[in-house]
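Below you'll find the structure, written out as structure tokens, and then a few comments.
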Amino acid sequence: MRLDRNITKIGNKTEQLPILWYLIKWTIIGAVAGALIGSASALLLASLNWATDYRESHLWIIALLPLGGLAIGLMYHYLAGTAAKGNNFLIEEIRSSRNIIPFKMAPLVYIGTVLTHLFGGSAGREGTGVQMGGAIADFMSRLFKMHPYDRKIMIQIGIGAGFASIFGTPLAGAVFALEVIIVGRLRYDTILPVFLSAFFANLTCHAWGIAHTHYCISQTPAINIQTLLLVLASSIIFGLAAMTFSRFIEVWSGLAKRYISYPPMRPFIGGIFIALSVYLLGTTKYIGLGVPTIVASFSEVQMWYDFLLKILLTTFTIGVGFKGGEVTPLFFVGATLGSALSAILPLHVSLLAGLGFVAVFAGATNTPIACTLMGIELFGADAAVYIGIACVTAYMFSGHTGIYTSQVIGSPKHIIFWKKKKGKMLD
């Protein structure tokens, strides 16, 4: 923009003037983008609440899951184009800026997610919020003919604002957008716009009357060697669970592509298996978001197999082509696993559930700092030390895997990964 160039020239004499202009510019853009993305997230959350309530009061609709899957498959096969790559497409564009993020990504993933939850798929909502945010933000960058560098900022704004407004965690949402692009490296050059938009998006979502779920770690022990060792041991298990989750998505997706050549049939056939699984299990506990079970994990010891069944059903749902996200199911996996571990470890159930909640997420997304902040935002600062240890340890033990295959490795987690050359290295 011409105004940017003029401000820069003046700024050669006055260092703070360009910074002031940068602040004003991105505060305005962040407010507009945050309001739009926060409103989109509010619509999504309200729609998912309706879909969940309707499904739970009309369980017969789960029998129609194959037809819902077919509708999603046809819609994405014939209409989506590059938008079908989802969150991975956003990450790629921040690094390369070679393609336009089509605005149709937003309505397509919204419809696909609502259908998935309405008919009984096991999925989340974060991926949808992030994709809607990215599509809206990139549309704004084209509308205002922004510089390619500013366009990268806009995509990160979309990711951060979408995440923040979906979970009610603006700090974690902003850092997530900075941390998720490159494993082991946190970008600071876009920190101000991303933080501003995340806060505006969260405020807007709340202004629409959307209430986020409250979680509570009711007992936090004093810091001592025994407790730290127990937290470390449980966090290793959380990291392995995160790795298992990521690997299973790859397995189911690979099998579906190998044996079902026509993409729209993958969620159709997959929907048959999911519906039969729900019937055989005799419960809807493991489909949808699973928020009631997550909440219960903080006060009641859950069964040891709950996290395994959620891993299997969610990774299968996503792997065969249904839409949604992985993060809330990861919360379910971590919270129920932590809750189950409290039966054999001398730590309070709410502490282990809370640590699992964020640690499995950290391991699966390779974002330990964002997840530590999320834990503090959700549970309070009393358990901050344990939350940080859990997230970093799970991140280390999840290996160079993750639910976002477009991530590249900026800094290996350990020297062993240099030798094995695991993951895509950043040049």
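The backbone N, Cα and C atoms fix where each Cβ goes, and this holds for glycine too.
Between the listed ranges 100-119, 340-359, TrEMBL ties the annotation transmembrane segment to 100-119. Only sequence-distant pairs (6 or more apart) were considered; of these, fewer than three Cβ pairs between the transmembrane segment (383-403) and the transmembrane segment (153-178) are under 8 A, so the stretches are not in contact.
Among the recorded stretches 20-46, 153-178, 223-245, the one sharing the largest number of Cβ pairs closer than 8 Å with the transmembrane segment (100-119) is 20-46. Among 153-178, 190-211, 265-282, 302-322, 190-211 has the largest number of CB pairs under 8 A with the transmembrane segment (20-46). Here the transmembrane segment (58-79) has Cβ contacts under 8 Å with residues 104, 108, 111-112, 115-116, 118-121, 263-272, 274-275, 278-279, 284, 287, 320-323 of the same chain, all six or more residues outside its ends. No contact links the transmembrane segment (265-282) to the transmembrane segment (153-178), because fewer than 3 Cβ pairs that are 6 or more residues apart lie under 8 A.
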